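Notes to accompany the following structure.
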Amino acid sequence: QIFNQHNAEAPNLEPAFHRMAQMEPNLDHDVSWFLLPSYWAKMVVALISFLCFANSYDGDFVFDDSEAIINNKDLRAETPLGDLWYHDFWGSKLSSNTSHKSYRPLTVLTFRINYLFAGGFYPVGFHVINIILHCTISVLMVDVFSILLGGLQFSNKGRRLNLAPKSSLLAALLFAVHPVHTECVAGIVGRADLLCALFFLLSFLGYCKAFKENKEGHTFSVFWVLVSVVLGAIAMLCKEQGITILGLNAVFDALVINKINLLELIRKLLYKDKSLENAGLLRKGLLFRITLLMCGGAGILYIRWRIMGTGPPAFTEVDNPASFADSLFVRAINYNYYYSLNAWLLLCPWWLCFDWSMGCIPLIKSVSDWRIIALAALWFCLIGLICQALCSEDSHKRRVGMCRTTSLALLAMLFDASQNMVGFLHCKCTLLGHVQLLITEHPQVLLRAALMPLSVQPIFVIGIALTQVPDLALGFHEVCISPPILSRSPWMASLPSTAQLGVHYNVGKNLADKGNQSAAIKYYREAVRLNPKYVHAMNNLGNILKERNELHEAEELLSLAVQIQPDFAAAWMNLGIVQNSLRRFEEAEQSYWTAIKHRKKYPDCYYNLGRLYADLNRHIDALNAWRNATVLKPEHSLAWNNMIILLDNTGNLAQAEAVGREALELIPNDHSLMFSLANVLGKSQKYKESEALFLKAIKANPNAASYHGNLAVLYHRWGNLDLAKKHYEVSLKLDPMAPGTKENYNLLRRKLEQLQRKGG
């Protein structure tokens, strides 16, 4: 016997609901596929999803991976695990005014586990985990679609029934092969989307499990409702949009499980109908469950707010052009256009891009822009679907419509989350966002297309092809292997010129991180050509030119960047470095202080300011600047080293020793600090302690010629001439041109010869 848990409170109505479920048309009747057992269906979905994305396993770290993984200190063992809860996705403190405010500590934790198990930054392990996550999510989609398309029903043994096995398999396969997932799976930072989707789905399935009647006859389980809240919290800690599952569960409960007719409910409320107590809203348990979800969501958001603080992330016009539009009309039109563009890419993913910020989508600025038609078409379809779901008297149409409405609710919540929580207005096609339009269109379009098996095959072939052929999908697999190939890719040519901007910038950054400055310059120049106001590209290009000693062009670019964005602290600091190199010290000092004005906690800027003061022999000011740098960033090794060296050079050996010991307490494994303090101790004739530090530094960095050379000097002073000779020779072998070492070695040899003659 099959029973519907929603009717447990009225046992006498159970047979009627059983008959109604049988009378409703079964979506599987329209599918001519053969029926597979549940475990075989899931194995097929897992295999197909694996085959689609298996070719990304050997990709490299690209684009955002460099900042989120390679340069993220939260992945290193020396960083306390507790710091992950106070840092953003990129490793910056959430309290910093430069923080992106992307709070995803559990995603970062998985990166850290990957790093520790692999013993370093080896991308294969990272990619394999992403592929496994996508396969797992695709398998879970079989269960999700079976609920949304077949209804939530259980056997008398409490086992959930799949009343739409064929259509749920078809929908899950379409999900698994959809090429729009390429960025999430092939790009390692896409793991945030994957983990969020995983726990999002688990929360939904857990909430559905709450309606299985228990032995005591209770209509729902509070335990499973609370489990769904916890899983929703975990989803949010993987990516911000995860919190929206609590809203989806509430909508699903009200519209699908309790079958509330909103129009009827509103009518009763307006006319104060006495039969209101019979309305679905007041059915036993619904308000209690929604209250639990609301309280759980409020608690989660409060804790997140206490950790993150109230400061919003700072975005520029390049990141989010629509938000900087002067007209409210222009902003609203563009926000809604992004919805229609996402919808179209889900239905026709012919050209995609891994980064839709940086002005990749030109703004709609007037009603004469033809793209407004797409916006109108989208809302016309959405309103029609909602009206059918709410107004239809046909129970079957309303049931299908309720599934559509639930899907649309999730889609709206995901977009709202991506706009307001993350800041980038064009949602990067989050995995669960794709599900919604698939579900929305599935009952009438996808299933009708499946009347003949051959009519469905091209959908899968095209989907698989798009995930396998980089030029057609994202260029992502190709970029992972060789970024320069991207510039010759037909995929690049298919993108609008504005969409190419982010590609050129990210490829340039990737090449610069790998030390290929010449190629990086080419891409950065193209990014600046496409957008002459792109200050981040100007700043990075200026940095490379500065390192290549092309100082005048670097100064022009950095000056233009701060002119366009006066609060760009990093550009002000880099401009100061260039001006210092050009020996325009007053201008450099002013630039440094301007950078600090716009970013109060800027240790690197204080460090560079200290270098400027040292060049000007303003020793007290230099020491104060470096001390500020170490206060703001206690692990700032360069600032500590410069303090020790300056105090050593000015004869303040006792103070230099005190600073060196303080630094080593904070950074005990820094060999450069060991070396600097060892030099000070040697000059103070503390030979034994100096020798121990030199040997420890050499053990950490055995190929540093200066370490061996200075240890040789120590032995020379100490009178241990044989060891001095040994380390002089090692130093000269490592660096034959080491300054002073050859002269000291020759002095030692003459002394040894004199001693031999005397002994003879």
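One is the number of the first residue shown, and numbering goes on along the chain from there.
Backbone N, Cα and C atoms are what each Cβ position is placed from, and that goes for glycine too.
These figures come from a predicted structure and were not determined experimentally.
The transmembrane segment annotation in TrEMBL covers 33-54 (among others).
Positions annotated as transmembrane segment by TrEMBL: 131-151 (among others).
Annotation source TrEMBL lists transmembrane segment at 188-208 (among others).
Annotation source TrEMBL lists transmembrane segment at 220-237 (among others).
Look at TrEMBL and you will find 243-266 (among others) tagged as transmembrane segment.
Per TrEMBL, the feature transmembrane segment maps to 286-305 (among others). Tertiary neighbourhood of the transmembrane segment (286-305): same-chain residues 103, 210, 220, 222, 225-226, 228-229, 232-233, 236, 243, 246-247, 249-250, 253-254, 258, 280, selected by CB-CB distance under 8 Å and a gap of 6+ residues from either end.
Here TrEMBL flags 311-383 as domain 'DUF1736'.
Per TrEMBL, transmembrane segment is recorded for 337-358 (among others).
Sequence annotations record features per position, and here TrEMBL assigns transmembrane segment to 370-390 (among others).
As annotated by TrEMBL, repeat 'TPR' applies to 501-534 (among others). Mean pLDDT for the repeat 'TPR' (501-534) in the predicted structure: 86.
Residues 316, 318, 505, 508-509, 512, 517, 520-521, 524-525, 527-528, 574-575, 577-579, 581-582, 594, 598 of the same chain lie 6+ residues outside the repeat 'TPR' (535-568) yet bring a C-beta within less than 8 angstroms of a C-beta in it. Annotated repeat 'TPR' per TrEMBL: 535-568 (among others), in sequence order.
Annotated repeat 'TPR' per TrEMBL: 603-636 (among others), in sequence order. If you look at the repeat 'TPR' (603-636), the same-chain residues 6 or more away from its ends with a CB under 8 A from one of its CBs are 569, 573, 576-577, 580, 585, 588-589, 592-593, 595-596, 642-643, 646-647, 650, 663, 666-667.
Positions annotated as repeat 'TPR' by TrEMBL: 705-738 (among others).
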Annotated stretches the transmembrane segment (220-237) and the transmembrane segment (188-208) touching (3 or more Cβ pairs under 8 Å): yes
